[in-house]
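Following: one structure in structure tokens, then a few remarks.
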């Protein structure tokens, strides 16, 4: 029996789609395991920019292979246009690049608590922009679930960086180089996530193609930055693969597969649900650290666990429903 899709939302079949859950679980595991994989297989001497660039190349290769496998490659590129590419992928990629720069500025001028709280507002901005662009409404219960998720994310972030204090005591510097940049970054994160969801769900832009396009744009921006960055100088002095071993490709490929999964989760489930995946992954990281490194979960993690589980349950159980008009 066909399902009826409501405007600005998802059908019951979409919410319970096994594919959505599979992609979400795989992305949660990848996000959660990535820090440990990188720590174990990446030597300290490896130049960060080379790792990122290689990861972007791996994303392109993986996405192209998947498009060949599902038979969409020829059709996708026959319909490709520069304007469509810049709108669907170029703009979000540029926004994400600016967001990352603002976060780096803010992190140096705020204490961990303030930074964590303000940075997690991106979940609300994602919900806001998905409503503006896609008319995707949230029920009162779902808004409450988002609040629980933000609380959990703040607790987990504090647990990871509770020893960091602000490097500045100047109120004006904290405001203009700390608070404002992180708030703008949160707004940009929500906007970029909503744009990606709009491109995939409304414009039917292939998530694999978006991965290819955003990786290319991101790589070009990164290559441009190497002309004056310390990493660029290190590459020119020591070579691109300085510090690399064959095992270095393990975290690079894992990260690339995670990038593919991000596109699929955004396409099938939306940017808000991606926020649930990212916060859940922090709990997976804590669990893996305990299993493989003997590091017990912090009190923050133990408090955050029921919050995350409750928020996911509530968000799934109480979707926004359109009130039926009486005839």
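Cβ coordinates are placed from backbone N, Cα and C, and glycine is handled just like the others.
When TrEMBL is compared with the stretches 3-19, 275-291, the one noted as transmembrane segment is 275-291. Against the transmembrane segment (143-162), stretch 297-315 has more CB pairs under 8 A than any other of 208-227, 247-268, 297-315.
Proximity of distant same-chain residues to the transmembrane segment (80-98), defined by a Cβ-Cβ separation under 8 Å and at least 6 residues beyond the stretch ends, is recorded for 188-189, 191-193, 195-196, 199, 203, 205, 209-210, 213-214, 217-218, 221. Residues 24, 27-33, 35-36, 122-123, 126, 146, 149, 152-153, 156-157, 160, 265, 297-298, 301, 304-305, 308, 311-312, 315 of the same chain lie 6 or more positions beyond the ends of the transmembrane segment (275-291) yet place their CB under 8 Å from a CB of it. Within its own chain, the transmembrane segment (297-315) has Cβ neighbours under 8 Å at 141-142, 144-146, 148-149, 151-153, 155-156, 158-159, 162, 273, 276, 279-280, 282-283, 286-287, 289-290, counting only residues six or more beyond its boundaries.
Outside the transmembrane segment (20-37) by six or more residues, the chain places 14, 250-251, 254-255, 257-258, 261-262, 264-265, 268-269, 273-274, 276-278, 280-285, 287-289, 292-293 with a CB less than 8 A from a CB of the stretch.
Remark: the transmembrane segment (208-227) makes no contact with the transmembrane segment (113-134), by the rule of 3 or more CB pairs under 8 A.
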